[in-house]
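Copied over from Swiss-Prot:
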type    : residues                                      : note
BINDING : ARG12, 32-38, 60-64, GLN140, 763-764, 791-796 : ATP binding site
COILED  : 257-588                                       : coiled coil
DOMAIN  : 399-496                                       : domain 'Zinc-hook'
BINDING : CYS444, CYS447                                : Zn(2+) binding site
COILED  : 629-735                                       : coiled coil
Amino acid sequence: MKLERVTVKNFRSHSDTVVEFKEGINLIIGQNGSGKSSLLDAILVGLYWPLRIKDIKKDEFTKVGARDTYIDLIFEKDGTKYRITRRFLKGYSSGEIHAMKRLVGNEWKHVTEPSSKAISAFMEKLIPYNIFLNAIYIRQGQIDAILESDEAREKVVREVLNLDKFETAYKKLSELKKTINNRIKEYRDILARTENIEELIKENEQELIQVLQEISKIEEVLPSKRSKVDMLRKEVLRLEETKVEIENSERLLEKRRGDKRTLEERIKNTEEYLEKLKEKEKELEEQVKEITSIKKDVDAYLALKEFKNEYLDKKYKIEKELTRVEELINEIQKRIEELNEKESEKEKLENEKKEILNKLAILEKDHQLYEEIKAKKENLRQLKEKLGDKSPEDIKKLLEELETKKTTIEEERNEITQRIGELKNKIGDLKTAIEELKKAKGKCPVCGRELTDEHREELLSKYHLDLNNSKNTLAKLIDRKSELERELRRIDMEIKRLTPLLTVAEQIRSIEEELNVVNLEKIEKNATEYEKLLEELRTLEGRIRGLAEDLKKLAPLEKKLAALIHKKQELEKELKELNTKLESFGFKSVEDLDSKLRELEEIYKRYLTLLNSKKELEITQREIAKAKETLEMSFEELAEVEADIERIEKKLSQLKQKYNEEEYKKKREEKEELEKELARLEAQKKELEKRRDTIKSTLEKLKAEKENRERVKKEIKDLEKAKDFTEELIEKVKKYKALAREAALSKIGELASEIFAEFTEGKYSEVVVRAEENKVRLFVVWEGKERPLTFLSGGERIALGLAFRLAMSLYLAGEISLLILDEPTPYLDEERRRKLITIMERYLKKIPQVILVSHDEELKDAADHVIRISLENGSSKVEVVS
């Protein structure tokens, strides 16, 4: 695999970065925090998202303030170019882009469906994730793990050399062996449970024969029993039906005899009731004849009473309306007189209004000028309140003093800021010197002479004293800087407050000059007179508007008065006509009419009484007809009932001849005994059939178990063969894992020896790698003897860790064409960093493409291509150096 180009947008500090990689050693150089390692993380995300690395999360790698992240990679594998494009949306999964294509001719074509899952599956086949992460990509911290412990070193070796596949195979084969043993045990348990299967089959077959014989015996006697029971059931049913029919006929006969008695009683009562109705009819006919003789007087009474009611009602309404109309006429006449007086008043007020308007026109100019002066005086008052007790000269002087003080404070703050930066650098240098001095062995890194414990302690004491003094001074300077910045903020606020007051002072001076040139007393007097006249004008106009509104009502009132006078004349005419109609009936007054009505009223009351008799006669005649009809129907029903009684008595006599109670009881008892016997036999047969089916089912299961027993015996033989084969494989995997690890570690030891010898200028002749159970132990050979890692100085330990890790990658160089190293020199001293350049030129150039990330400028000499990354305004910038 070889990387060609990486495009990254909005990934951590990378806003828009494009990097092209070439064959040979590609050095990415830059200060810590510039975005070098972030570029490698972007490559990892582009190739293998979603990752199994905990510290790379989508919502965290998107650049602050950006909504999405874009990564585009072009790489070559086995002569084919591939391109992966990904776009991530912060906080969302929908809308993301994941695409992988290969170059066919001059056209990019998809190799998978455009999804993260499909690309991951394809990449796992093309370049497995573990191979890339362990063999190709040497991350920060892996060298520390090599030096941490024998167990941690074994884990790194296992991951890089992909020895986990042997461990996985060993575990899976062990699990398979356990499964086979469990299966064999299960099958042997089955054989033990079914050992007496033949005896059980024989016993069930004999029991089945016995049950079938018993069923056959019952089936022989059942038909005759069923036939006899059916015959008895029919005979008993016939006798029961006859008995029921006799009982029904007796009940019906008794009912019809009761019906006969009821009808005879009804006929007697109806005849008596009819006689009474005929007597009542005769009396009512006499009363009806009297109605005809008094009918004329009744009609006269009703006509006069109706006229009286109509006369009184109309007279009351006319007189009431006439009174209302006369009252309205008087009221409107008074209102018209009042409106005529208001017309004169309105003309007088109009003349007064004209005089006031003339006076207002003369005073208007002074009034306007007075309003302007009032506004200026109010403005002057407000401005003076803002200014307080200070003069414009005082404010100007204060501002000049504040500006001078601000300049002095800013100069002091800038000097302190510079001193703080110098002290921070000094503190950093002192900490580095202390750490290097603690780790240093042999020569003193300060003076170059031999480093004794006494000399080390003397230097450390001096450095710590200087460090504490610098920290104390730094703390005081930071406090003083904070104090100065607070004072600057206060001064800025005071300047901001005072500056507008200069403008206020100028406005006050201008307004006072304008007010001094006018005759304020005269203008104020005229303005007061203007306001007084204006108020009088408003009052007059209100009164005039009120009078005008009232005068609008005059014409409608005059029209309404004429209409009311006409209506009064009409009502008087109607009243006269009503009295004329009373006289036409022969009465001079209402009293005469009342006298005549009292005379006719007694006749009318008698008429009403007789009128009820006529209605009652009609009702009585209808009741007589109805009684006659009822009597006739009752005689007909009586004849029918007597005929029914005769027929039922005859039928009952015939039924009693067919039925014998003793015979019925005897046959019923015989039937019940036979039914019990039949039920017992059928239940016995059903139970035997159920037992038969159970035995058959048991036999089928036993025979199936017998067949299964033979199959299980064969399965056990096959499983025992598989178990033997699995045990052989487990031993082979175990041996091959040990051989593969030993062979790899032997070669890695040789390569590590060469590289470490370069680092130490031949001080150590060999690196010994020894594999143990879950451990990889490292030794160095010095003066012909193996020495543990504790024998090495701090710098030598770091060099050994780097040499060992490079050796593992070089061991895999025949299989890989790309190596990525992230910060391989963080703890190397200057001499060993120079040695690393020689190692890179000798060993790393064997790999077709190397990408090396470092902040160490010295490595440029060994690189074929140099790319510099720097941080500007929070974004990473890329520059191709060579």
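Just so you know, glycine gets a Cβ as well, placed from its N, Cα and C.
Everything Swiss-Prot records as a feature, shown here on the structure.
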{"residue": "ARG12", "record": "ATP binding site", "Cβ contacts under 8 Å, 6 or more apart": "GLY35, SER38, ASP41, ALA42, PHE61, LYS63"}
{"residue": "SER34", "record": "ATP binding site", "Cβ contacts under 8 Å, 6 or more apart": "SER13, ILE869, SER870, LEU871, SER876"}
{"residue": "VAL64", "record": "ATP binding site", "Cβ contacts under 8 Å, 6 or more apart": "none"}
{"residue": "TYR764", "record": "ATP binding site", "Cβ contacts under 8 Å, 6 or more apart": "PHE756, ALA757, VAL780, VAL781, TRP782"}
{"residue": "SER793", "record": "ATP binding site", "Cβ contacts under 8 Å, 6 or more apart": "LYS439, ALA440, LYS441, GLY442"}
{"residue": "GLU796", "record": "ATP binding site", "Cβ contacts under 8 Å, 6 or more apart": "PHE759, THR760"}
Mind tallying the domain 'Zinc-hook' (399-496) by DSSP state, helix then strand then coil?
85 helix, 2 strand, 11 coil
Return one of helix, strand or coil for TYR764 (ATP binding site), based on DSSP.
coil
Over the coiled coil (629-735), what does the predicted model average in pLDDT?
83
Where GLU796 (ATP binding site) sits in the secondary structure, as DSSP reduces it to three classes:
helix
